[in-house]
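See below for the structure under consideration.
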């Protein structure tokens, strides 16, 4: 019988396919994330060495986070699952690289002002520690709000993700600065040792092996050695670039080669694309924010079309797994819920009444008492019900697939009907009932956690910016970005990707990540704007802050978006949808909210944006400059 096909489906078959998917999550996701981040850093820095330093630091942060999460899980503080593991990887690499980009950019800026690289690093740390810590705090607090969830999967994602952010924060403010100021000769050694150490650490907590990490370290070390060979060649063919000496490229500056920051006074003229953007915002601020706001509102209008009522098991996998094919075959030839019956528990005295009530409920294909015998046993039809401590069990076959919305409606009706039977004390369980309870819990979590996240992030922003009006502005724009993102997702999920819908928990996860991560870029911008406003006045400070942070924040947004898109390598619809949503939201925050909407609104409001702090007093308002090049 060569045409015989066997598919294993049902709860056990589905679980087996999920285990198979998540079994490869460590190596697949880590490798893809590291490659994507490396490519973007190379394009951003255009240096043979500088891209490697943040990448090594991000890997060290991930290994530290994995070790901490392992300890938490071993002591039953958190429950690990494949979903939280995947999110941890992209979160640490994405957020950690963002912090690294901000520090490296500020360090490069300070090298223009200080001959000593250590003094430049101290100045850079003073300049970025507040926004980076505030940024990390918003993400950590937002993730920890998931502890309010009724679902263990959500509750575990919160502390796991928060642990990753804390690890990224600590590593990027300690290990990364040390890497940037070490002598250049140490880099090949670290390029080999750091990945190997990361592999050793991860091998204790995952199924990953040390060998590939050591090989990657050898490759990175080889790349750095090739860099020194390149220097030797350039010393001969391009002597005007000079030999790689302490005089020309002292410690703390070599990583930036070939664009090594000069140790002379910096040219403070602001030029380039971001200067033009700032000038445009300064010339027509009201027109800028009105047009931008309208465009975002148009996209936000499509958010109402997002279908987030849940998806079936067959729709949850991108590929046709064995359990999915089996489920489809089962639905085509038998009652949809045959393999996964609903279960009704009732008192023995009310068994007959409950059984007749269940059988009369629309959507029920069959119902019979559980006898303890296999259904295929002929004696099962005449065997008495199995009674345990005065309770009987009824097996209910639903007409629709057990994981479908229609089946959940039937279970809802069943609960209403059997609970009305006097003296039955009936309960309805099974996979469909569990899915229904999860959906209801997701809606409850969404209604509770979203307001809490907004409140705590507002408090963090208020303390950071010493203002009430500015945090209101930032929260409003981030919410607009969130709804616009949902609108874009609704369009793409339905008309481009062909997804049947989204899980009921999708809006909550999208909100937590988008708001917590999206507000980061506004924090990076507005802390620099406040710093410049103290020196220049509010409106000049807004344009100066936008100009000097434009490049680095844009790079950070691209890195974070790309890392979340890596979730698309996993064949699960939920993770693909979440990765796409976060990527779209981050790009909107980077290129629209932070670049035009927030600066234009703040510029139009003027010094009052800082109310009630001193900067918000009318006497502090400065004359509007003609361009972003104003001193």
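Along the chain as shown, the residues are counted starting at 1.
Heads up, the Cβ atoms here are built off N, Cα and C, so glycines get one too.
Copied over from TrEMBL:
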type     : residues : note
TRANSMEM : 21-44    : transmembrane segment
TRANSMEM : 51-73    : transmembrane segment
TRANSMEM : 85-107   : transmembrane segment
TRANSMEM : 128-149  : transmembrane segment
TRANSMEM : 161-182  : transmembrane segment
TRANSMEM : 212-237  : transmembrane segment
TRANSMEM : 287-306  : transmembrane segment
TRANSMEM : 448-465  : transmembrane segment
TRANSMEM : 472-493  : transmembrane segment
DOMAIN   : 475-603  : domain 'SSD'
TRANSMEM : 505-525  : transmembrane segment
TRANSMEM : 546-574  : transmembrane segment
TRANSMEM : 580-603  : transmembrane segment
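Sequence-distant contacts of the transmembrane segment (85-107) (same chain, six or more residues past either end, CB-CB distance under 8 Å): 22, 25-26, 29-30, 33-34, 37, 41, 44, 50, 53-55, 57-58, 61-62, 65-66, 69, 120-121, 124-125, 127-128, 131-132, 135-136, 139, 157, 160-161, 163-165, 167-169, 171-173, 176-177, 180, 517, 520, 524, 551-553, 555-556, 559-560, 563-564, 566-567, 570, 575, 579.
Residues 277-278, 281-282, 285-286, 288-289, 292-293, 295-296, 470, 473-474, 477-478, 480-482, 484-486, 488-489, 492, 497, 506, 510, 513-514, 517-518, 521-522, 524-526, 529, 538-539, 542-543, 546, 550, 553-554, 556-558, 560-562, 564-565, 568, 609 of the same chain sit 6 or more residues outside the transmembrane segment (580-603) yet have a Cβ under 8 Å from a Cβ within it. Relative to the transmembrane segment (472-493), the listed stretch 287-306 leads the set 161-182, 287-306, 505-525 in CB pairs under 8 A.
Contact count against the transmembrane segment (505-525) (Cβ pairs under 8 Å) is highest for 128-149, out of 128-149, 161-182, 287-306, 448-465. The largest share of C-beta pairs under 8 angstroms with the transmembrane segment (161-182) comes from 128-149, of the ranges 128-149, 287-306, 448-465. In the predicted structure, the domain 'SSD' (475-603) carries a mean pLDDT of 87.
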